[in-house]
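Below is one structure, written out as structure tokens; the observations come after it.
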């Protein structure tokens with residue numbers, strides 16, 4: 001959620017910044033509702049002050065018959081106050097709803113562009129594998145090795161699900177443990193295991209609601225949502241809390257399954273693990289001082305990159321343009337890993353700074369010192385990494401001519417010393 005005072009004082013600037021996201025994002029209704037809201041509030045408070053003052057005068061008079069006119073006048077004032085307050089409630093409800101639908105303002109360092117074609121390559125790492133054979137897609141490799149079973153998963157549940165087994169299941173578990181150990185031991189994150197279902201307030205706090213409800217799996221009676229990412233429960237750990245400056249930065253890492261309806265993705269990545277309704281992910285979440293948020297984003301991105309470097313998977317870092325960043329983000333780096341069968345890079349992690357956008361929605365604040373007024377923290381998060389897509393990258397980049405898969409050196413201790421997956 002954006003700062004109302006900032007928008008009010010910088011309306012043209014805010015509208016211009018939002019325009020770089022693309023689409024028609026007008027703040028005209030914001031201006032109208034804000035003016036109505038302030039006018040009604042002023043009128044109500046003025047009458048309340050008058051009523052309090054006159055009521056004190058009336059209370060001092062022993063013979064109430066001498067102030068009948070004032071008593072009658074105050075009854076009329078009370079009725080007007082109720083009318084103003086009722087109107088104010090309606091206006092504020094619409095105003096608050098509108099605020100929840102306005103996306104974050106892109107950070108000044110975010111490249112301006114309309115779509116992913118205008119994203120900027122920041123850096124690349126690693127050499128692309130040279131193969132003396134036609135590389136197979138990961139689904140063919142996995143089915144030949146009998147480590148992923150898409151057909152039975154479809155029978156069990158439906159499309160866009162996968163059954164991992166044998167070395168495939170072990171490799172997925174190894175990746176989760178490897179990532180969590182790296183982030184908690186070497187990068188200093190605190191490991192947490194949050195609930196996989198959250199309430200509406202949690203989804204609203206991180207920005208998934210109200211705008212993206214159609215993308216979520218919703219349970220009823222009681223109402224809960226299956227999490228689309230660990231970002232949601234982990235960010236909400238400190239919802240409605242005031243932190244100490246000395247506590248910052250707070251860094252969490254969490255493994256969770258993630259659940260997404262993938263609305264609007266019909267026909268995209270219909271085979272394999274790239275786009276699933278359920279997938280595993282290790283997440284990185286930070287709560288930081290506003291002065292440190294950009295530096296902390298660089299650190300967090302580097303921590304996600306380290307996973308790919310240790311697995312020796314070639315990748316590149318992309319700075320997303322203003323038209324491609326997410327609703328809540330002000331700046332985002334995507335990590336894209338090389339997939340030989342597609343002869344291209346595919347996203348494996350998004351690392352974002354949200355400024356105080358999520359903190360305002362979730363009420364996450366801190367104090368510079370005991371006497372200071374609470375301020376909003378800045379939040380950041382990123383995938384460290386998407387486990388299924390990492391498995392895809394390993395299968396494709398480490399495939400051999402005979403269809404076997406070499407296990408990356410860094411994963412072998414987690415695989416019981418297994419060096420190769422064979423038939």
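Placement of Cβ uses the backbone N, Cα and C atoms for every residue, glycine included.
Remember, predicted model here, so these are calculated numbers, not experimental data.
The feature L-serine binding site is assigned by Swiss-Prot to 229, 230, 231, 283, 383, with sequence analysis given as support. As annotated by Swiss-Prot, ATP binding site applies to 260, 261, 262, 347, 348, 349, 350.
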Cβ neighbour count within 10 Å of residue 261 (ATP binding site): 17
In sequence order, the binding-site residues (260, 261, 262, 348, 349, 350) whose C-alpha falls within 10 A of residue 229 (L-serine binding site): 260
Maximum Cα-Cα separation in Å among residues 229, 230, 231, 283, 383, which the record lists as binding L-serine: 9
Protein Cβ atoms within 10 Å of residue 262 (ATP binding site), excluding its own: 14
Shell of the L-serine site beyond 229, 230, 231, 283, 383, same chain only (C-beta within 8 angstroms of their C-beta centre): 232, 234, 254, 256, 258, 281, 282, 284, 285, 381, 382
Top Cα neighbour of residue 349 (ATP binding site) in the set of binding-site residues 230, 231, 283, 383: 383
Residue 231 (L-serine binding site) and residue 350 (ATP binding site), Cα-Cα, nearest whole angstrom: 12
